[in-house]
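According to Swiss-Prot, the protein carries these features:
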- 2: Ni(2+) binding site (BINDING)
- 73, 75, 105, 108: Zn(2+) binding site (BINDING)
């Protein structure tokens, strides 16, 4: 379960940022998570909450925005993977295998390069400070 190590990294970054800005409470943490990151949002949230239990982030909401995979092709196409096609053709247990099986350009049909969908980014951290009313 790599979610624990990822949650530790996120928690450390959140706490470092909160301290840097004089936070008294962390209210919300918003993440952008690629669908191909092989990270379970529920497990990640659970691990984060366990780590945050006795900190200023104990009541923080962890909001996860899922990012679909994106492609780039030598024909010039840049855009999202056709998820409808994946659902129609998905016979695999692993979501990654399903996406990998259709990494072709929707314009020309040639193999395309995966350019997004594996990222995990802290998009925003909402904090409260003593000076806030």
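Cβ coordinates come from backbone N, Cα and C, glycine included.
By the criterion of other Cβ atoms within 10 Å of the residue's own Cβ, the least surrounded of the binding-site residues 73, 75, 105 is 75. Those same-chain residues not listed among 73, 75, 105, 108 yet with C-beta within 8 angstroms of the centroid of the Zn(2+) site C-beta atoms are 74, 76, 77, 106, 107, 109, 110, 112.
Other Cβ atoms within 10 Å of the Cβ of residue 108 (Zn(2+) binding site) number 13 in total over all chains. Of all the Cβ atoms in the protein chains shown, 13 others lie within 10 Å of the Cβ of residue 2 (Ni(2+) binding site).
In this structure the C-alpha atoms belonging to residue 105 (Zn(2+) binding site) and residue 2 (Ni(2+) binding site) are separated by 32 Å.
Of the recorded residues, residue 108 (Zn(2+) binding site) and residue 2 (Ni(2+) binding site) place their C-alpha atoms 37 Å from one another.
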